[in-house]
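S.K.: For reference, the structure I am asking about is given below.
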Amino acid sequence: MLKAIEEKVYRGERLTQEDALTLVKCNDLLFLGRLARWIKRQKTGKYVYFNVNRHINLTNVCVSKCKFCAFGRDKDAKGAYVMSMEDVLKRVYESIPDNITELHIVSALHPTLPFEYYYDVIKTLHKTFPHLHLQAFTAVEIDYFAQISGKTIREVLSLLKEAGLGSLPGGGAEVFSSRIRQDLCPKKASGERWLEVMKTAHELGFKTNATMLYGHVETWEERIDHLLKLRELQDRTGGFQSFIPLPFHPENTELAHLKRTTAVEDLKVITISRLILDNFAHIKAFWIMLGISLAQLSLEFGVDDLDGTVVEEKITHAAGAKTAQGITKEELLARIKEMGYIPVERDTLYNVIKVYEEDK
Ligand code: V47
């Protein structure tokens, strides 16, 4: 059966759910890696992408209480915060000398902040830094903005677009299964709603990313179902740019009794994602969650993008991540070159800023 799947991959044929479940049972990680790498090479050759960005989390006050999250706080709890516009601008000014091209803004579902707060942040940032791409608000946040403002998803997205929003990050997807969402995050947008927000965003011309949070209580069947739902929507809209598998970090969460995923599990998820998501141009390794060494190694397992310099990551670090809070461009270049690939600095929409071929 594996031979038949291998031939399908080399012929460029789409893999089925059954194929995926067969691959899951395969313990030959190098075989899976070879197939995934072949797809990566077809799509992006020797290029490996990265960008120079900064993360900003406007608030950690959240009504959602997801069991897997260590970042969210009650409004009056120790460590709860909401950034003022001044706080936000200060952080961006600090990053300007690093030549960032993107602000990645993800927050929480705050009980009382109005939609206008988020709208004003985008409007002010766009006016003050028109050259920066604003990748902001997960589909779950967009759904929440619609609820708190009484607007439709389309209206919320259109307003944010006018204000200067450039694209949407892929967070909040977790695993689409209603069994998982009922258990881990019953208060926030369902899997169907997440997909609906993304469909609407794509219709309005936004590019977006997609993620999957794995390594908690989900089954492989549920992971495959998640990937197939993404593939199905991508067939219809073509609006997804990259897929980012996110390994669960249990520390300080309600699921703290669970163990971190192993490197083998991480690479298996990455290879199978690359093989199933044949209509996604990019598979991104978020080095903050994987660790830089495993993220580097994942380039031989289907990954073509190492995300960015990041700077100040709070969500995974609240959950015990031991990685640095940011990385220099030089370190990213060195890691990519060491694997024999050509580093390419990109902007958020994958326009090439610089190919580092000459000093290969
Ligand atoms: O939505 C929450 C996840 C996401 C934990 O689009 C956790 O380019 C691990 O979506 N352990 C936010 N993960 C991060 C995210 C992201 C990151 C990098 C790039 C992009 C992109 C998107 O982190 C959340 C949730 O799915 N998360 N808690 C945790 N304990």
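Backbone N, Cα and C atoms are what each Cβ position is placed from, and that goes for glycine too.
Below, the features straight out of TrEMBL:
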DOMAIN    48-281  domain 'Radical SAM core'
BINDING   Cys62, Cys66, Cys69  [4Fe-4S] cluster binding site
BINDING   Phe68, Glu174  S-adenosyl-L-methionine binding site
S.K.: Note the Cβ centroid of Cys62, Cys66, Cys69, the recorded [4Fe-4S] cluster site, then list each other residue of that chain whose Cβ lies within 8 Å of it, in sequence.
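M.R.: Nearby residues not in the site list: Ser64, Lys65, Phe68, Phe71, Gly72, Ala108, Leu109, Cys185.
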S.K.: Under DSSP, is Cys69 ([4Fe-4S] cluster binding site) helix, strand or coil?
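M.R.: Cys69 ([4Fe-4S] cluster binding site) sits in coil per DSSP, no helix or strand.
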S.K.: To see if you understand the setup: which same-chain residues, six or more apart in sequence, place their Cβ under 8 Å from that of Cys69 ([4Fe-4S] cluster binding site)?
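M.R.: In sequence order, Cys62, Thr253, Ile315, Ala318, Ala319 meet the Cβ cut-off.
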S.K.: Over all shown protein chains, what is the count of other CB atoms within 10 A of the CB belonging to Cys66 ([4Fe-4S] cluster binding site)?
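M.R.: Other Cβ atoms within 10 Å of Cys66 ([4Fe-4S] cluster binding site): 24.
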S.K.: I'm trying to understand the geometry here, so how far is the Cα atom of Glu174 (S-adenosyl-L-methionine binding site) from the Cα atom of Cys66 ([4Fe-4S] cluster binding site), in Å to the nearest whole number?
M.R.: 10
S.K.: Can you give me the same-chain residues 6 or more apart in sequence from Phe68 (S-adenosyl-L-methionine binding site) with a CB-CB distance under 8 Å?
M.R.: Glu174, Leu184, Cys185, Leu213, His216, Phe248, Pro250, Thr253, Glu254, Leu255
